[in-house]
Amino acid sequence: NTTSTTLVQLLFREVFLKGTTMVNSINFLLLLSLLPFAPFCHCEKKNEGYLYPQFYDGSCPRVQEIVQSVVAKAVAKEPRMAASLLRLHFHDCFVKGCDASVLLDSSGTIISEKRSNPNRDSARGFEVIDEIKSALEKECSHTVSCADILALAARDSTVLTGGPSWEVPLGRRDSLGASISGSNNNIPAPNNTFETILTKFKLKGLDIVDLVALSGSHTIGDSRCTSFRQRLYNQTGNGKADFSLDQQYAAELRTRCPRSGGDQNLFVLDFVTPLKFDNFYYKNLLANKGLLSSDEVLLTKNKESADLVRKYAERNDLFFEQFAQSMVKMGNITPLTGSRGEIRKNCRKINK
């Protein structure tokens with residue numbers, strides 16, 4: 001910039017003429033001369049593109065208190081709800097990013113993600129989210145997004161069951177649509193290979209450490225017979241059970257998960273401490289008693305993931321620390337911010 005260069009040259013000439021007392025003035029004027037080139041968009045980007053825990057401090061200061069209260073009541077009524085709310089956040093973020101698309105019912109051109117294979121007959125907790133949203137609309141109307149409610153409810157569910165806490169970055173907005181194809185294709189399935197699961201994580205910006213740590217959420221909650229029946233009867237197409245599954249454990253599972261029927265029969269994912277968020281999930285894997293094939297492959301199909309399983313089985317504190325970090329990372333998958341999306345008044349449908 002010719003003007004800026006000339007100004008600097010003149011200032012340095014003044015220094016030699018009038019002495020070093022001009023240095024502070026030079027620094028100030030240099031700053032002024034560079035201002036036209038300063039990245040003002042960085043400030044705008046902070047508001048438009050970044051999430052931060054204090055987002056509602058001015059507009060709805062009681063948001064976290066209200067979410068925690070409703071979640072605590074729901075989990076006290078039904079302990080399984082903690083895992084269901086945690087799973088909802090996961091199933092939301094892996095489809096179109098963390099934008100509450102999973103909460104939308106079918107209407108007009110929207111085909112609900114609730115109909116997808118990963119969600120049909122298993123996704124639950126929608127009424128709890130409705131209750132939270134209703135309470136927040138009374139407290140601070142049209143302010144808190146459903147996507148942020150999901151993120152907070154997932155954190156609170158983890159804490160209420162004995163798991164780690166973390167500061168939840170906030171400022172997400174809600175999507176204007178859903179993607180049933182994205183739900184069918186992007187969410188890791190119980191019978192996916194290790195490579196497929198890791199690829200699905202990497203496509204969302206998550207790595208193998210995040211995969212192993214976030215899989216630890218299976219320390220709470222249940223799974224349906226239909227999600228692991230293949231392991232019990234025909235894992236590789238030869239009519240035999242999965243050899244990596246403890247055979248006594250497999251025999252117990254077969255008593256309530258027959259070759260046909262009983263699809264919706266529920267089994268705890270962690271048979272040792274099913275209601276407590278801890279590292280027994282990893283200890284169970286080491287004993288070949290992981291319920292889902294997608295759990296067991298973390299130990300049997302990749303050395304790096306197997307090493308992480310052993311580390312978290314030995315050190316609950318390391319698991320907690322990494323789980324919290326990975327949850328924040330997952331919660332930051334392509335959120336809608338700024339003027340994109342909307343703040344839904346009803347989490348089940350877009351605003352008119």
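Note: Cβ is positioned from N, Cα and C throughout, glycine not excepted.
Per TrEMBL, the feature disulfide bond maps to Cys60-Cys140 (among others). Proximity of Cys140 (disulfide bond) to non-local residues of its own chain (separation of 6 or more, Cβ distance below 8 Å) is seen for Tyr56, Ser59, Cys60, Arg62, Val63, given in sequence order.
The site 'Transition state stabilizer' feature in TrEMBL is assigned to Arg87. Taking all protein chains in view, 24 other C-beta atoms sit within 10 angstroms of the C-beta of Arg87 (site 'Transition state stabilizer').
Residues or ranges marked as Ca(2+) 1 binding site in TrEMBL: Asp92, Val95, Gly97, Asp99, Ser101, Glu113. Every protein chain shown contributes to the tally, and the Cβ of Glu113 (Ca(2+) 1 binding site) ends up with 28 other Cβ atoms within 10 Å.
Positions annotated as disulfide bond by TrEMBL: Cys93-Cys98 (among others). In sequence order, His89, Asp92, Ala147, Leu150, Ala151, Arg172, Met330, Gly331, Asn332, Ile333, Thr334, Pro335 constitute the residues six or more apart from Cys98 (disulfide bond) in its chain with CB-CB distances below 8 Å.
According to TrEMBL, the feature disulfide bond maps to Cys146-Cys347 (among others). Under a cutoff of 8 A between CB atoms, and with a sequence separation of 6+ in the same chain, the neighbours of Cys347 (disulfide bond) are Ala100, Leu103, Leu104, Phe126, Ile129, Asp130, Lys133, Cys146, Ile149, Asp174.
Summarising the annotation, TrEMBL assigns Ca(2+) 2 binding site to Thr219, Asp270, Thr273, Asp278. Over all protein chains present, the Cβ of Thr219 (Ca(2+) 2 binding site) has 28 other Cβ atoms lying within 10 Å.
Sequence-distant neighbours of Cys225 (disulfide bond) (same chain, 6+ residues apart, CB-CB distance under 8 A): Arg256, Cys257, Gly262, Asp263, Gln264, Asn265, Leu266, Phe267. Positions annotated as disulfide bond by TrEMBL: Cys225-Cys257 (among others).
Other Cβ atoms within 10 Å of the Cβ of Cys257 (disulfide bond) number 22 in total over all chains. Comparing the binding-site residues Asp92, Asp99, Asp270, Asp278 on other C-beta atoms within 10 angstroms of each C-beta gives the minimum for Asp278. A simple way to gauge crowding: the CB of Thr273 (Ca(2+) 2 binding site) has 18 other CB atoms within 10 angstroms, across all the protein chains here. In this structure the alpha carbons, written CA, of Asp99 (Ca(2+) 1 binding site) and Thr273 (Ca(2+) 2 binding site) are 32 Å apart.
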